[in-house]
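Chemist: In case it's useful when we look at the structure, here is the feature table from Swiss-Prot:
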| type | residues | note |
| --- | --- | --- |
| ACT_SITE | H144 | active site, proton acceptor |
| BINDING | R51, R57, N89, R120 | substrate binding site |
| BINDING | N64, V87, S88, N89 | NAD(+) binding site |
Amino acid sequence: MDVQGELAQGKALDVWQAAVDSGSDTHVHGGAKAEMLEGSELVVITAGVPRKPGQSRQDVLSTNLPILDSIMADIKHHAPTATVLVVSNPVDVLTYRAWSVSGQGRDKVFGQAGVLDTARMKCFIAEQTGFSARDITALVLGGHGDSMVPLMRYCQIGSVPLSHFLSSEQIEQIVERTRKGGGEILGLKKTGSACDAPGVAIAQMVDAIANGRNRILPAVAILEGEYGRTDIAMGVPCVLAEKGLARIIELPLDAQEQAMFDHSADQVARDIAEMKAL
């Protein structure tokens with residue numbers, strides 16, 4: 001769905017035709033009418049204006065907030081029990097907003113950020129070490145922005161700690177590049193933000209939910225005391241299953257990691273307060 005109905009129809013037709021050659025019999029439809037949501041079990045929200053070079057994700061809040069509110073009203077009317085996956089930026093704030101107006105539990109409304117941030121970090125680790133990205137495990141928590149918290153002691157290559165291969169200085173460079181990964185792409189493309197990697201990240205989460213795979217993936221979830229925080233949406237490791245977000249996994253953090261997480265949470269809390277004031 002898109003406010004530009006014919007654009008959505010064209011993209012849907014293109015995807016449908018691509019799916020045929022991959023052996024899929026799924027029919028793909030597009031349009032602008034909210035009635036298309038009727039009976040949906042899972043809705044992914046990506047609508048909104050992209051940020052421009054030099055802007056933060058929070059800079060597009062005033063524009064994207066009313067867009068999200070309109071979509072949530074349509075979802076509540078046509079698919080009130082649907083699981084909602086928020087991707088629009090600023091994703092932490094908009095996930096919180098979507099949950100707060102949905103009338104549903106946190107298991108049914110959550111966001112995508114950490115899967116993408118983790119993929120970026122794995123890409124940079126593979127580039128730096130020369131090893132296959134398939135053998136790299138990584139984890140990113142916190143807000144989706146410069147305050148995100150890559151947990152480097154959980155990063156491994158083929159079950160070997162990352163610190164065995166890279167110096168602390170090299171690891172810190174990867175951390176900083178991961179935090180600014182979206183901005184790097186935005187600066188290079190000039191006229192648009194990342195789309196392919198976010199699309200793959202969304203597909204992973206949708207697959208986990210639609211097929212009940214019980215996958216552990218980072219998601220922007222509403223915290224209810226986990227990691228010492230409440231009434232906030234933050235990126236944390238979650239179990240995604242058939243009904244949505246089955247549970248949050250609370251990892252033990254050392255003092256430095258907890259301090260970084262708290263710093264990130266404080267920033268997200270300020271952003272949410274700004275949203276409430278609009």
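Positions of Cβ are set from backbone N, Cα and C atoms, glycine also.
Since we're looking at a predicted model, the values are computed, not measured.
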Chemist: Using the alpha carbons only, what distance in Å do you get between N64 (NAD(+) binding site) and N89 (substrate binding site) once rounded?
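Modeler: That comes out at 7 Å between the alpha carbons.
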Chemist: Which whole-number value in Å describes the distance between the Cα atoms of N89 (substrate binding site) and H144 (active site, proton acceptor)?
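Modeler: Rounded to the nearest whole number, the Cα-Cα distance is 9 Å.
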Chemist: If you count other CB atoms within 10 A of each CB, which of R51, H144 wins among these recorded positions?
Modeler: H144
Chemist: Within 8 Å of the Cβ centroid of the NAD(+) site residues N64, V87, S88, N89, which other residues of the same chain have their Cβ?
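Modeler: Along the chain, the qualifying residues are I45, T46, A47, G48, R57, V60, L68, V86, P90, V91, L94.
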Chemist: Could you round the CA separation between R120 (substrate binding site) and S88 (NAD(+) binding site) to a whole angstrom and send it over?
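Modeler: Answer for this pair: 18 Å between alpha carbons.
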Chemist: At the Cα level, what's the spacing in Å between R57 (substrate binding site) and V87 (NAD(+) binding site), rounded?
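Modeler: Rounded to a whole number, the Cα-Cα distance is 12 Å.
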Chemist: I want to verify one value. Collapsing DSSP to three states, which class is R51 (substrate binding site)?
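Modeler: The three-state answer is coil.
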Chemist: Using R51 (substrate binding site) as the reference point, find which of the recorded positions V87, S88, H144 has the shortest Cα-to-Cα distance to it.
Modeler: S88
Chemist: Test of understanding: give the count of other CB atoms lying within 10 angstroms of the CB of R120 (substrate binding site).
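Modeler: A 10 Å sphere around the Cβ of R120 (substrate binding site) contains 24 other Cβ atoms.
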Chemist: May I ask which residues of the same chain, at least 6 positions away in sequence, place their Cβ under 8 angstroms from the Cβ of V87 (NAD(+) binding site)?
Modeler: V44, I45, T46, G111, Q112, P198, I202
Chemist: Rounded to a whole number, what is the top Cα to Cα distance in Å among the residues the record ties to NAD(+), namely N64, V87, S88, N89?
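Modeler: That value is 11 Å for the farthest Cα pair.
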